[in-house]
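Novice: First the structure, which I've put down as structure tokens, then a few questions once you've had a look.
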Amino acid sequence: MRGNPLIHLLAISFLCILSMVYSQLCPAPCACPWTPPQCPPGVPLVLDGCGCCRVCARRLGESCDHLHVCDPSQGLVCQPGAGPSGRGAVCLFEEDDGSCEVNGRRYLDGETFKPNCRVLCRCDDGGFTCLPLCSEDVRLPSWDCPRPRRIQVPGRCCPEWVCDQAVMQPAIQPSSAQGHQLSALVTPASADGPCPNWSTAWGPCSTTCGLGIATRVSNQNRFCQLEIQRRLCLSRPCLASRSHGSWNSAF
């Protein structure tokens, strides 16, 4: 079967162009230094893109080209257009599966895990979000326990409320000033009277990057009653591309 002569001519021309480009990028014969380069600890020696000389493999986030190849043992490939402002090539993971790494352990995208007994986390697109497992309830001062406080009980995960024995008061009728101060936290303030401020500190942001939600317990509302309040938070901007993030010091 005879082919089109024009197609044959184009194919031959294309092969000639490829051979010219290859000869410019990869000179023949190979010219390598007598001594191999000294690589940083943990960086292996690999053959360059021309298959001639041994070079230090490029690591995650480092620039790469036809000679300086990425570390194949780490699953890195040279991604064109991934450099600053979309220019140049950078070593990235071959398959960005959205997994995340916490305390040296890798979790799959969508997998839930407990870094400790106080929080439940979920791996989500290279980052992770966590929810508290310990109760955020608030114990108000009372006549028999005017100063409640949280303590860490041995053998228990979540802190518990106890009454400080050093300040325990006998079961007597409190003074009018003390009674007014304590009852103001329990009963709603009148429309004309001010609301005494009783608020906990804002909790951590629910996400490691991008917009998240932080919570606290406060009585700063129109009814002067304790409630869980929420607000938007931003820990840091998310990267444009997903990365295998590690947050070993988070817990």
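Note that Cβ sites are derived from N, Cα and C of the backbone, with glycine treated the same way.
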Novice: Between Cys16, Cys39, Cys50, Cys52, which residue forms the disulfide that Swiss-Prot gives for Cys26?
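Specialist: Swiss-Prot says the disulfide from Cys26 goes to Cys50.
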Novice: If you check Swiss-Prot, which of Cys16, Cys53, Cys56 bonds to Cys32 via a disulphide?
Specialist: Cys53
Novice: Distance between Cys56 (disulfide bond) and Cys100 (disulfide bond) at the Cα atoms, whole Å?
Specialist: 27
Novice: Between Cys78 (disulfide bond) and Cys32 (disulfide bond), what C-alpha distance do you get in Å?
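Specialist: Cys78 (disulfide bond) to Cys32 (disulfide bond), Cα-Cα distance: 22 Å.
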Novice: I'd like the Cβ neighbour count for Cys78 (disulfide bond), meaning other Cβ atoms within 10 Å of its Cβ, all protein chains included.
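Specialist: For Cys78 (disulfide bond), the 10 Å Cβ neighbour count is 19.
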